[in-house]
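Some features that TrEMBL has for this protein:
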- 20-160: domain 'EamA' (DOMAIN)
- 192-331: domain 'EamA' (DOMAIN)
- 20-41: transmembrane segment (TRANSMEM)
- 47-69: transmembrane segment (TRANSMEM)
- 81-100: transmembrane segment (TRANSMEM)
- 106-130: transmembrane segment (TRANSMEM)
- 150-171: transmembrane segment (TRANSMEM)
- 191-210: transmembrane segment (TRANSMEM)
- 222-242: transmembrane segment (TRANSMEM)
- 262-280: transmembrane segment (TRANSMEM)
- 287-307: transmembrane segment (TRANSMEM)
- 313-331: transmembrane segment (TRANSMEM)
């Protein structure tokens with residue numbers, strides 16, 4: 001008996017692991033964005049032009065791939081799909097990004113990352129209402145998804161609100177003067193920033209739900225990504241002209257942190273983010289994609305002491321553990337849903353075969369009875 005896994009079994013394991021690997025890779029990309037963007041904002045980056053350049057870069061890079069790779073599978077454009085793409089470009093590339101980075105301007109990168117952890121809960125409720133997510137509160141797997149979502153959000157709040165004692169690491173150094181300067185920044189406004197970030201998360205959740213709906217009638221992830229970024233660029237230019245009016249200096253481009261933030265955000269967060277989430281969304285649904293959102297905060301908390309010499313506090317460790325538990329509950333419920341749907345699809349042909357067998361039997365009985373009736377009539 002061969003103890004080593006066969007090529008078919010390895011391929012099956014890889015296919016099952018692809019959605020998990022994709023969303024984890026996505027969260028690693030998202031984890032670097034708040035730090036880079038906050039640094040660029042501190043250097044005077046204009047938020048409106050940043051979102052325009054970010055989406056324009058994503059559209060320019062991903063459009064050629066969409067044209068050539070999906071030329072045979074891309075469906076025709078309809079009025080319904082066009083209006084959905086127009087709304088998608090408004091929700092995330094324009095409204096969400098401007099609200100998100102404006103809220104970051106009034107707070108901090110860590111606070112913004114923590115506030116975005118309400119996204120899974122908002123998406124779960126919206127998907128439940130629109131019946132994109134199967135929820136039967138009497139079943140254990142649905143209870144696990146609901147409880148896991150609540151636990152994940154609770155863990156994020158623990159990481160945000162609970163500090164606790166510092167866990168001293170030999171490679172971590174703390175700059176007290178920098179922390180004090182951040183705390184006394186006159187431009188900080190936590191309430192205003194929190195409201196803007198919350199509104200941005202609501203737009204983001206609407207975007208994810210609408211993207212899942214659009215992919216059912218327009219199943220071309222690369223083309224949809226390029227079109228969303230293009231629409232977002234056009235609408236962002238209009239918004240910037242209206243808000244900034246004759247301030248043309250904001251459109252200047254230099255090879256600095258601001259431009260690097262636009263390149264990183266366009267390639268990683270906008271282009272690759274929309275595409276990867278769209279591919280996974282068609283297989284596992286919008287809740288699966290957003291359920292991993294708090295993982296980016298855990299990644300920042302883990303890598304922060306190594307890369308940024310930040311202090312690791314007990315509250316972040318406890319919150320990270322709680323988030324992992326919540327994610328496990330959500331994924332357990334989703335895996336049970338997946339197994340249930342697969343078993344239903346496997347049983348469907350059997351049921352159809354039984355139905356066809358019963359139908360054939362009824363037809364034979366009917367023919368037999370008819371022949372007897374005909375014989376009786378002839379005898380009479």
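Glycine too: its Cβ is placed from the backbone N, Cα and C atoms.
Take the transmembrane segment (81-100) and the stretches 47-69, 106-130, 262-280: counting Cβ pairs under 8 Å, 47-69 has the most.
The largest share of C-beta pairs under 8 angstroms with the transmembrane segment (106-130) comes from 191-210, of the ranges 20-41, 47-69, 191-210. Note: the domain 'EamA' (20-160) comprises 116 helix, 0 strand, 25 coil (DSSP; helix = H, G, I, strand = E, B). Under DSSP, residues within the domain 'EamA' (192-331) fall into helix, strand and coil as 119 helix, 2 strand, 19 coil. Same-chain neighbours of the transmembrane segment (20-41): 47, 50, 101, 104-105, 108-110, 112-113, 257-258, 260-261, 264-265, 268-269, 272-273, 276-277, 279-280, 288-289, 292-293, 295-297, 299-300, 303, 308, 331, counting only residues six or more beyond its ends whose CB sits under 8 Å from a CB of the stretch. Across the residues of the domain 'EamA' (20-160), the predicted structure has a mean pLDDT of 86.
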